[in-house]
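Trainee: Marked as transmembrane segment by TrEMBL: 56-77, 83-105, 117-138, 182-201, 213-233, 245-263, 284-308, 328-351, 405-423, 466-485, 497-516, 522-540 (among others). Annotated domain 'Cationic amino acid transporter C-terminal' per TrEMBL: 495-544, in sequence order.
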Amino acid sequence: MGRGEHNRSSSSSSSSVFSHFFSSALRTKRLLSPSEKSAVDGSDHGLSRRLGVFDLILLGIGASIGAGIFVVTGTVARDVGPGVTISFILAGASCVINALCYAELASRFPAVVGGAYLYAYSAFNELTAFLVFAQLMLDYHIGAASIARSLASYIVNILELFPIFKDNIPNWIGHGENIGDVLSINVLAPVLLMLLTLILCRGVEESSAVNSLMTITKVVIVIIVIFAGAFEVDVSNWSPFVPNGMGSVFTGATVVFFAYVGFDAVANSAEESKRPQRDLPIGIIGSLVICIALYIGVCLVITGMVPYTFLGEDAPLAEAFESKGLKFVSILISVGAVAGLTTTLLVGLYVQSRLYLGLGRDGLLPSIFAKVHIKRHTPIHSQVWAGIVASVLAGLFNVRMLSHILSVGTLTGYSVVSACVIVLRWKDRANSQVSSSSKQEGVICLIAVAVLGFGAGLFFRYDASFIFLILTIVLALGVSFALVFRQVYADAPGFSCPGVPLLPAICIFFNMFLFAQLHSEAWVRFVMVSVIMVGVYAVYGQYHADPNANENIYRVAPYEEA
């Protein structure tokens with residue numbers, strides 16, 4: 001009898017544990033009413049509101065354009081030909097749609113940190129938001145370490161232009177001294193990361209000034225490169241414009257899509273924007289449009305200067321100018337690469353700290369991450385932690401080996417943000433207008449669009465019959481029209497993404513199409529990180545999280561004034 005009671009007690013305890021887990025995982029963050037949002041946006045607590053629209057545009061450009069504009073343009077052009085310009089236009093158009101989704105949510109949500117994590121918390125649930133954060137953060141950590149090593153290598157290359165340093169700088173200082181396949185010692189990369197972390201800890205005004213200076217330097221150099229190259233263009237090199245067919249153009253678009261990644265950093269600066277509802281959409285879309293124009297200009301110049309078959313592999317743009325006797329431009333390109341990598345790294349570290357701050361406030365991470373310095377108005381604990389993680393990775397490990405598992409978080413975040421736009425249009429969460437059955441049907445449709453996009457990507461990747469690709473596209477269109485006619489959509493307050501739900505559905509489809517083009521190790525990483533973070537949530541997050549924490553949002557670190 002006692003054993004039976006014990007079994008019933010154990011069964012009851014197990015069901016209670018699972019019940020608590022699922023009830024916690026499905027919690028959502030309340031979307032504030034317009035009056036509550038205005039109160040938060042106008043608050044003078046928390047982070048310091050110092051960023052104007054020009055700062056936000058430069059922030060987006062700084063995050064998006066790194067050294068890749070001088071390398072990726074040429075390497076893809078070797079495979080696509082002059083039609084690489086079309087590849088950049090197609091990828092840019094896709095990113096514009098993603099940017100429109102970000103812009104709507106950035107203007108609709110209170111001006112607080114969080115970005116994609118915050119949007120997922122309100123539109124879906126707590127666990128989904130936590131998983132989005134985990135995927136994004138792993139991308140940011142590995143990306144920051146990889147960029148820091150590239151920046152260290154570029155700086156050493158510039159120093160070696162001087163005879164005193166030529167062949168006198170050991171590999172372990174900047175280029176990396178490999179010890180086996182995993183370890184690789186690099187001293188300069190962590191030093192650079194710590195310097196940038198110190199700048200970010202000083203305050204958003206100081207870090208924004210550094211980013212603005214470096215971004216303007218970078219953009220000016222790109223413009224000089226475009227104008228200098230324009231005088232060396234031979235239009236006969238543009239014929240034929242698409243020598244390898246449109247298939248290569250579409251393949252090129254899937255590669256260069258990641259050259260635009262970074263505009264979403266603007267959404268994470270909401271709490272430091274002076275006029276977030278107006279300026280955030282302008283910053284997101286404006287920075288992306290400028291990046292598209294710069295990429296197109298570089299593509300036209302590089303394919304017009306040299307026949308695309310003659311472009312080099314490692315430094316195609318620099319080699320193209322050297323072949324025309326313009327060596328000074330190749331030196332400018334190296335300076336531009338340093339400026340580009342610096343801004344990309346600076347903004348990446350900035351975004352990491354703001355994401356940690358958001359999770360610390362909500363209780364999904366220890367409260368130390370939620371503290372804001374009373375004088376500097378920066379999340380110093382979060383910022384230092386982000387710098388330490390990146391420094392350890394950059395200083396000790398050959399993180400470039402991990403580069404092929406990057407972009408998982410980016411594509412996941414973009415897809416979830418697009419889905420959030422659709423879900424939050426179904427109803428105003430403050431008024432609760434949609435039935436649970438209707439929402440479940442809609443979520444199933446969104447999942448179907450994502451799965452069909454991934455399937456289409458697999459068919460494209462493995463050269464399956466064209467019929468299968470067409471079939472998945474037709475099915476995705478059918479599901480998208482089901483979203484149109486089976487749901488009722490409200491107008492969005494503030495900036496409104498056009499074409500909802502079709503444009504966001506196209507975003508989800510194309511993002512998952514790109515997901516299928518990643519290395520298979522990236523898919524494994526997605527599953528492994530998700531499983532691990534579900535475990536972390538089960539052990540810690542579900543017991544400490546408070547979805548309503550941001551309604552009493554600002555906690556200040558007990559630092560001394562000095």
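The backbone N, Cα and C atoms fix where each Cβ goes, and this holds for glycine too.
Keep in mind that TrEMBL annotations are predicted by a computer and have not been checked by a curator.
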Trainee: Would the transmembrane segment (284-308) count as touching the transmembrane segment (405-423), i.e. at least 3 C-beta pairs under 8 angstroms with sequence separation of 6+?
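Mentor: No, these stretches are not in contact.
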Trainee: Give the one range among 182-201, 284-308, 466-485, 497-516, 522-540 whose Cβ atoms make the most pairs under 8 Å with those of the transmembrane segment (328-351).
Mentor: 182-201
Trainee: Averaged over the whole of the domain 'Cationic amino acid transporter C-terminal' (495-544), what is the pLDDT?
Mentor: 93
Trainee: Which sequence positions outside the transmembrane segment (83-105), separated from its termini by at least 6 residues, show Cβ-Cβ distances below 8 Å to it?
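Mentor: Long-range Cβ neighbours of the transmembrane segment (83-105): 73, 76-77, 119, 241-244, 246, 248-250, 252-257, 259-260, 263-264, 266-267, 280-281, 284-285, 288-289, 291-292, 295-296, 299-300, 303, 308, 414, 417-418, 420-421, 424, 492, 494-498, 503-504, 506-507, 510-511.
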Trainee: Considering only the recorded stretches 56-77, 213-233, 466-485, 522-540, state which has the highest number of Cβ pairs under 8 Å to the transmembrane segment (245-263).
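Mentor: Counting Cβ pairs under 8 Å, the winner is 56-77.
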Trainee: With the transmembrane segment (213-233) as the reference, find which of 56-77, 117-138, 284-308, 466-485, 497-516 contributes the most Cβ pairs under 8 Å.
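Mentor: It is 284-308 that shares the most Cβ pairs under 8 Å with the transmembrane segment (213-233).
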Trainee: Any chance the transmembrane segment (522-540) and the transmembrane segment (284-308) have 3 or more Cβ pairs under 8 A, given the pairs are 6 or more apart in sequence?
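Mentor: Since fewer than 3 Cβ pairs under 8 Å link them, the transmembrane segment (522-540) and the transmembrane segment (284-308) do not come into contact.
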Trainee: Where among 56-77, 182-201, 284-308, 497-516 do we find the most Cβ pairs under 8 Å to the transmembrane segment (466-485)?
Mentor: 497-516
Trainee: Near the transmembrane segment (497-516), which same-chain residues lie under 8 Å Cβ to Cβ, leaving out any that are not at least 6 residues past its ends?
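Mentor: Residues 94, 97-98, 100-101, 103-104, 254, 257, 407-408, 411-412, 414-415, 418-419, 421-422, 425, 446, 449-458, 460-461, 476, 479-480, 483-484, 487, 489, 522-523.
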Trainee: How about long-range neighbours of the transmembrane segment (56-77): same chain, 6 or more residues beyond its ends, C-beta under 8 Å?
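Mentor: Residues 84, 87-88, 147, 150, 154, 208, 211-212, 214-216, 218-219, 222, 225, 252, 255-256, 259-263, 265-266, 269, 273, 279-280, 282-284, 286-288, 290-291, 294-295, 298-299, 302-303, 308, 311-318, 320, 333, 336-337, 340-341, 343-344, 346-348, 351.
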